Amino acid sequence: MAATAGATPSSHLLLSSSRHVAASPQPRILFPSLSGKRVAVGKNHHATGVRCMAVAADATAETKPAAKKKSGYELQTLTSWLLRQEMKGEIDTELTIVMSSIAMACKQIASLVQRAGISNLTGVQGAVNIQGEDQKKLDVVSNEVFSNCLRSSGRTGIIASEEEDVPVAVEESYSGNYVVVFDPLDGSSNIDAAVSTGSIFGIYSPNDECLPDSDDTSALGSEEERCIVNVCQPGNNLLAAGYCMYSSSVIFVLTLGKGVFAFTLDPMYGEFVLTQENIEIPKAGKIYSFNEGNYQMWDENLKKYIDDLKDPGPSGKPYSARYIGSLVGDFHRTLLYGGIYGYPRDAKSKNGKLRLLYECAPMSFIVEQAGGKGSDGHHRVLDIQPTEIHQRVPLYIGSKEEVEKLEKYLA
């Protein structure tokens, strides 16, 4: 087919022609990399023209996959994160379900806390718990929410709560039988003032010893005793632990024994979204968190420690004091900024005030996973064997260097 007179020079390159392309005033180089090189003429190349042919890629050339660009709108929820841990073999399906039920309980409690004044959930309930403490209305409701979520999971065998006298065997359990200990609402005395509060939990390995047995004719006291024995485990046995802080935002902090992760509740989607990975507490910090209103009832060695923190020393900068009155709130700040939180024994509380099983042990498990330390002043908290459900111990927790410094004063 002959080219028309009006054909442009470039049109010669688009046609399979036997004519010479030399007719083009200024031949264009299609492949600059081949410019100046001799190209062998084979059956697909003709001296009188050019045919458009596909060129096979060089088999020796390495093709690198394009880097995946992370979208600014990509969110990883707590649920998807747990499923990934399950796929990696870090946890099993049963534990994933238990964790999801705890997250659901925390969402419900967060809503109750935010609407406490509107829903008339402030003030005391009129009852006293096993510790002799006045129960707030939200204490009772939060305990019910937590317990119901764990029961409905079908994967929990025993639950032990600050608000319950003894551990409770969950009859509805289908499989899993995990032991879950929790404080449904820590810092509830702050509710009326809308100050930070939180929930604390710990999860231990499955255990069947406390489940109801239709063939067991023993007295209820014997069954309760078996429950207590199986729940009273040292913190070293924890599989997972965490807390949820109800503050300006709702933050769910979790460890499965390999790092500490934080998830923030997105009110738009109603989901906990991963916001911090592998949190590490600073090795030291210039913040201390103690209730100094009890100073006169403390041990002399502890008084000396606090006095030295206030001394500017050669640096000219004393430690800063920060105290909220909520274990979760004070601990979360310490985890991020470093320093030390302490609730010591005193003349009024000979054994301390915080509970070992569902407050001190879970928090110590978290802080150690972040590189910190939890101590009763002399021993590692996770090594202490509980002798009763509501056992109290002194607690000093935070940056490793700060806790070890305090232990030297108390030695």
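Keep in mind that glycine also has a Cβ here, set from the backbone N, Cα and C atoms.
So that you can see what the record holds, here are the features copied from Swiss-Prot:
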type     : residues                                             : note
BINDING  : E133, E162                                           : Mg(2+) 1 binding site
BINDING  : E162, D183, L185                                     : Mg(2+) 2 binding site
BINDING  : D183, D186, E359                                     : Mg(2+) 3 binding site
BINDING  : D186, G187, S188, S189, N291, Y323, Y341, Y343, K353 : substrate binding site
DISULFID : C227-C232                                            : disulfide bond
TRANSIT  : 1-53                                                 : transit peptide
Excluding near sequence neighbours, so keeping only residues 6 or more apart in the same chain, what lies with its CB under 8 A of K353 (substrate binding site)?
Y343, R392
Could you check which of these binding-site residues, E162, N291, Y341, E359, sit within 10 Å of L185 (Mg(2+) 2 binding site), going Cα to Cα?
E162
Between the Cα atoms of D186 (Mg(2+) 3 binding site) and E162 (Mg(2+) 1 binding site), find the distance and write it as a whole number of Å.
9
Of E133, D183, S188, C232, N291, Y341, which recorded positions are close to E359 (Mg(2+) 3 binding site), meaning a Cα within 10 Å of its Cα?
D183
Alpha-carbon distance [Y341 (substrate binding site); D183 (Mg(2+) 2 binding site)] in Å:
19
Rounded distance in angstrom between the Cα atoms of E133 (Mg(2+) 1 binding site) and Y341 (substrate binding site):
23
Rank aside, I only need the closest one: which of the binding-site residues E162, S188, N291, Y341 has its C-alpha nearest to that of C232 (disulfide bond)?
E162
Specify the count of other C-beta atoms within 10 Å of the C-beta of L185 (Mg(2+) 2 binding site).
30
Packing count at E359 (Mg(2+) 3 binding site) (other Cβ atoms within 10 Å of its Cβ):
26
